[in-house]
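All remarks here apply to the structure that follows.
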Amino acid sequence: MDRARLWLGLLLPVVAALDFRYHHQEGMEAFLKSVAQNYSSITHLHSIGKSVRGRNLWVLVVGQTPKEHRVGIPEFKYVANMHGDETVGRELLLHLIDYLVSSYRKDPEITHLIDSTRIHIMPSMNPDGFEAVQKPDCYYSNGRENYNNYDLNRNFPDAFENNNVTKQPETLAIMEWLKTETFVLSANLHGGALVASYPFDNGVQATGTLLSRSLTPDDDVFQHLAYTYASRNPNMTKGDQCKNKRNFPNGIINGYSWYPLQGGMQDYNYIWAQCFEITLELSCCKYPREEKLPLFWNDNKASLIEYIKQVHLGVKGQVFDQSGAPLPNVIVEVQDRKHICPFRTNKLGEYYLLLLPGSYVINVTVPGHDSYLTKLTIPGKSQPFSALKKDFHLPLRWQPDSISVSNPSCPMIPLYKFMPSHSAATKPSLGVFFMTLLYVFFK
């Protein structure tokens, strides 16, 4: 087997190393198409939609079966350049692609990662905004918004407030994309600060303290995810590397306690797509000079790889009926971790739960039938590149009339009336709101 891998590594193509410069749409497309052509066995390039001005929203998939999902292989994604003037993430993802494909069958760790994970990489969600930026600029400049002047990170449905704004083509493309894949883990790459921010970004109630937090039922996992990234970035982990910016202990923060925002993408991923997403602020300067790019790559390379590995935390498996047929649309959740929109199995009966080591009670609920409780322990040292596997075989037979095949949609309206008591979210007072404007303006 090792000898076969060696020969395959020798047969894989060699593409010239990607240079450290900003790649505009034409150059980015040329690079992505070259990778897809030269590494066709492990990559798949496709567009999930178009921007306002008709530019493709490219996604490169890296994996052993890049064109299709395979049972037991979790789906991971990185998205960058949501704000067109925040450019470091865009280039880092191009270099990550270059590193992954060139290391396959050469570096054992990267090979295992690609063989056990389906990795989706979108270097630019806002190509129109990027092309609108005239030159490097550390602060607010043209290009943050899309061509229609919408901030895409305020454009998604919001669970806490009625975010009744016109959904943009780029936003709608992401929303449709989330319906086509069972994404488990994600990160959204930004610039203008140096911190890993985790959900929620919005919240409910009203006490008016800036330092209040809005916590998810999976706050322990989210803090772990954010710290996993920040701790491997030598500058982010210090927490105070940007002048005139807030100090972030250990380089992480709850998004709401930094400043509340409505219609953010990471909350939408978690609530409506059952995908854990954090926001990575990668540079104090939004659009730094090109000569700084190698430094950013060196600072973030280990973090980018280690974060992908976290998709294998916890437990995964399938739910079957008594005949062995997979059951779709079954609620599979940890007892006492109630989500706004319940986590459900996909059409193949699969579920993925990101959990830290420990003992849990898993609640499996089939619509119209009884719930089934199972205790399990996730070991501290699990098998590399694989979550604990636990299938459920239920004593019932699936019938289309009794169990819906399609997942019911969660209401796209404020859900504060239905929020469980675990949420510590608070709305800031008017005075606190103005205190946060400086953060919002320069983010």
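If you go along the chain as it appears here, the first residue is 1 and each next one adds 1.
The backbone N, Cα and C atoms fix where each Cβ goes, glycine too.
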Out of His190, His224, His312, Swiss-Prot lists as part of the Zn(2+) site with His83, Glu86 the residue His190
Return only the integer: C-alpha distance in Å from Cys341 (disulfide bond) to Asn363 (N-linked glycosylation site). 15
Have a look at the recorded positions Asn38, Asn164, Asn363, Cys410 and say which one has the shortest Cα distance to Cys284 (disulfide bond). Asn164
Local backbone state of Asn38 (N-linked glycosylation site), from DSSP in three classes: helix
Can you tell me how far the Cα of Asn164 (N-linked glycosylation site) sits from the Cα of Cys138 (disulfide bond), in Å? 31
Would you mind listing, in sequence order, the residues at least six apart from Cys138 (disulfide bond) in the same chain with a Cβ closer than 8 Å to its Cβ? Cys284, Cys285, Lys286, Tyr287, Pro288
